[in-house]
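TrEMBL has this to say about the protein:
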- 48-70: transmembrane segment (TRANSMEM)
- 62-314: domain 'G-protein coupled receptors family 1 profile' (DOMAIN)
- 82-106: transmembrane segment (TRANSMEM)
- 118-141: transmembrane segment (TRANSMEM)
- 162-182: transmembrane segment (TRANSMEM)
- 202-227: transmembrane segment (TRANSMEM)
- 261-282: transmembrane segment (TRANSMEM)
- 294-316: transmembrane segment (TRANSMEM)
């Protein structure tokens with residue numbers, strides 16, 4: 001097995017690109033030559049290009065629509081949860097643009113960028129994915145506070161605090177993402193990453209470890225939410241929650257419904273992120289083979305797939321956002337004047353005001369104002385509808 005690994009590394013001693021050769025036999029020459037990292041075969045490149053060309057535009061469209069709906073709705077813009085979802089959508093838009101274009105450019109183009117240009121591009125990709133996972137953590141914390149701090153949720157998580165947390169998240173994200181460009185990169189007398197040129201493997205492992213910690217915190221937050229819902233279901237008898245007749249069917253228990261939803265979220269998160277993060281951490285302790293480098297390239301595409309799935313899990317599952325989205329579609333495809341979705345109200349001065357003719361759904365989301373008198377039962381019901 002070890003001989004096979006050595007043989008796989010030695011197969012990269014000479015790489016032929018456009019009639020020219022680049023020496024990849026030594027550690028120094030390998031680290032300084034980006035063309036040594038272009039290990040995908042033509043068939044593999046065609047396959048992964050098809051995935052990215054499909055997932056990239058789809059991810060951009062989904063998240064752009066989410067941002068558009070939130071920006072178009074004054075009520076959604078005032079609620080912390082939707083601000084966090086907007087931050088997530090923005091990060092995934094960056095991911096759909098930066099990762100797709102830079103990945104394809106790197107593997108398909110014959111030339112190679114210098115260190116600063118390459119690290120600037122890679123920093124954009126790192127920023128997008130770090131912002132995406134960080135926004136997922138903010139969303140998980142918000143939903144945890146909604147369940148565990150019922151009475152003071154509104155005062156604890158205000159819009160101003162949500163905005164400050166988002167600004168803080170993106171500030172830290174930009175700083176971490178562009179550390180290699182600012183100097184934390186491969187040194188001549190040190191080892192380099194086999195996954196990215198000009199990158200110090202210690203930085204790569206540190207970033208991967210940070211994301212693993214964030215994913216663990218998300219897992220803990222959702223587990224506590226499920227535990228609280230289960231505790232509520234087993235200690236409080238709420239007949240209308242357990243046996244509400246809808247079309248003759250008995251309604252599913254809230255804790256079971258939340259558990260299924262969160263299990264789906266966790267499976268997607270871990271399935272998309274654990275493989276690529278594992279490669280980054282292993283890259284510190286061993287020299288990856290060509291086959292492992294190719295596997296990493298495919299696993300990295302899963303991160304973009306996660307960005308494509310995020311709007312379906314976190315945005316479109318919110319009933320109020322769906323209703324705002326449907327109202328916006330009616331306005332876009334409706335008749336001139338948007339009579340299909342607007343009610344024209346005349347002010348005392350005779351000026352016409354256009355207001356959405358939909359029922360206010362503050363009671364459907366955990367972002368509604370919860371006074372101290374709101375019971376745990378009501379709040380859990382709202383959270384169940386939110387998911």
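Cβ from N, Cα, C; glycine included.
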- Item | pLDDT averaged over every residue in the domain 'G-protein coupled receptors family 1 profile' (62-314) | 85
- Count the Cβ pairs between the transmembrane segment (294-316) and the transmembrane segment (48-70) that lie under 8 angstroms and are 6 or more residues apart in sequence, then report whether there are at least 3. yes
- Outside the transmembrane segment (261-282), six or more residues from its ends: residues with CB under 8 Å to it: 133, 136, 195, 204-205, 207-209, 211-212, 215, 218-219, 222-223, 225-226, 288, 292, 295-296, 299-300, 302-303, 305-306, 309, 313, 317, 387
